[in-house]
Amino acid sequence: MQVTVIGSGYVGTTLAACLADLGHDVTNVDIDEEIVAAIESGVAPIHEAGLDELVAEHGGERLRATTDYDVATRANVVFIALPTPTDAEGRIDTSIITAGAEQLGAALAESEERPLVVVKSTVVPGTTENELIPALERGSGSTVGEAFDVAVNPEFLREGTAVSDFLHPDKVVFGAQHARAYETLNELYAPLFERTDTAVVRTGIREAEMIKYANNAFLASKISLINELGNICKEFGVDAYEVADAIGLDDRIGPQFLRSGVGWGGSCFPKDVAALIAAARDAGYDPELLDAVVGVNDRQPERLLSILDDHVDVNGERVAVLGLAFKSGTDDIRSSRAIPTIEGLLERGATVVGYDPVATENMRAEFPDIEYASSAADALSGATAAVVVTDWDEFAALDEEFDAMARPVVVDGRRIVEPRAGIEYEGLTW
Ligand SMILES: NC(=O)C1=CN([C@@H]2O[C@H](COP(=O)(O)OP(=O)(O)OC[C@H]3O[C@@H](n4cnc5c(N)ncnc54)[C@H](O)[C@@H]3O)[C@@H](O)[C@H]2O)C=CC1
Ligand SMILES: O=C(O)[C@H]1O[C@H](OP(=O)(O)OP(=O)(O)OC[C@H]2O[C@@H](n3ccc(=O)[nH]c3=O)[C@H](O)[C@@H]2O)[C@H](O)[C@@H](O)[C@@H]1O
């Protein structure tokens, strides 16, 4: 099929490269000319395992990129994978996606086919019907069902494992109003369904929008709950990871997302939980539990630092921050727990030296004035303390590197460093 993907960030690029790999002809549209040039020349514009290979194989051929929305006139399916950030009050900010939908509508006015426009971005229930369809109609001067159809197909991939998650999903969700839209999505995903046993959920547009928020809210809540339990464990001298291993054996709980520590960050949990809270409140419901989920998460970096305070006064001391990305496997630092951790250290008068295998340049834009090391060993050398914020595998292998510290205080926010003789080690929830 001919596919256009509007927006070529973490989701749009992964989606386009994977659809090209499944045999479709795909074009990414982005306003960023560097991203477009990268894809055209077969280079992945973001760091994602497996993406380099797919973009190298298909870029410039079955996978194209352009800044021109008019390419959508040739498409059977057009995905919208534009950002849906939150505003200062935590509400979803639909300005980018609405403007994109209107621009897409204008391009679709020239369309020969009746393409299916698929909302991939995460949007609060009602957004597609109340804002995106009207924007497409304004742009095209036509109505839904006449010039184009609309569906919602939320994305559940995780950064760091985006390609593998997309190609091996637990489920795909098709939200639509008409059989024709389900059929088109089915045809598009058919090569994937042939390879994997995937649950397909056919539902309405609002339900599909809500399923995405419910999924993220549930996962964020699960982590905050294990963090709350972990904080209590710590007070009793109990190892929260032993407790998590045991409760995870209960099928009703399950073993995933039970790693307690410095909390959840990233481009989605923080903004999506905030947007759901704001939308619920606007609708007249007070989401007390979700407020607490955010509250527990906000507290974890400060708890990490207060454990550090118990070991050492960091004022005037060099402190290594191991890990800057919001999780391992990505260079994304959006809402990384490293940010409040660095802020807290700077407030305490510490000299901060950060290290991350891939996210340093992104963090440099956020904190241009701290020092960045090119290896964990360099970061630790001469440091009075180290805090671990991201669960990169390489931190598990650190050993004699700690010997070069001025004082080997290590506070681990991710249960990744191997405690050993000679270091003053303490974990956040164990
Ligand atoms: N990052 C993730 O892991 C996931 C994100 N999502 C959702 O997917 C959507 C996109 O997220 P990301 O890919 O992370 O965003 P992103 O910020 O990585 O990428 C967005 C891209 O859109 C481009 N763009 C901005 N305005 C544009 C316009 N008017 N026309 C064309 N391109 C434009 C930007 O240059 C950028 O390349 C959001 O709604 C997000 O909540 C859903 C599941 C996973
Ligand atoms: O909507 C989105 O953007 C995506 O958000 C998350 O994916 P992502 O944020 O990429 O990464 P996760 O693996 O979920 O990790 C999120 C945060 O939770 C933290 N986490 C995760 C698991 C855990 O047990 N403990 C924990 O603290 C991670 O360190 C990270 O900071 C969801 O897992 C995806 O399903 C969803 O598509």
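Keep in mind that glycine also has a Cβ here, set from the backbone N, Cα and C atoms.
Annotated features in TrEMBL:
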- Cys268: active site, nucleophile (ACT_SITE)
- Asp30, Thr84, Thr122, Glu159, Lys271, Arg334: NAD(+) binding site (BINDING)
- Phe156, Leu157, Arg158, Glu159, Lys212, Phe257, Leu258, Arg259, Ser260, Gly261, Gly265, Lys327: substrate binding site (BINDING)
- 320-419: domain 'UDP-glucose/GDP-mannose dehydrogenase C-terminal' (DOMAIN)
If you count the other CB atoms within 10 A of the CB of Asp30 (NAD(+) binding site), including all protein chains displayed, you should get 23
DSSP tally for the domain 'UDP-glucose/GDP-mannose dehydrogenase C-terminal' (320-419), helix/strand/coil in that order, comes to 31 helix, 18 strand, 51 coil
Rounded Cα distance in angstrom between the residue listed as 'active site, nucleophile' and Arg334 (NAD(+) binding site) is 9
For Glu159 (NAD(+) binding site), the closest of the binding-site residues by C-alpha position, picking from Lys212, Leu258, Ser260, Gly265, is Gly265
In this structure, the one of the binding-site residues Arg158, Lys212, Lys271, Arg334 whose CB has the fewest other CB atoms within 10 Å is Arg158
Expected list for ligand 1 (Cβ under 6 angstroms, binding-site residues Asp30, Thr84, Thr122, Glu159, Ser260) reads Asp30, Thr84, Thr122, Glu159
Lys271 (NAD(+) binding site) -> DSSP, reduced to three states, gives helix
CA pair Phe156 (substrate binding site) / Thr122 (NAD(+) binding site), Å rounded to integer, equals 10
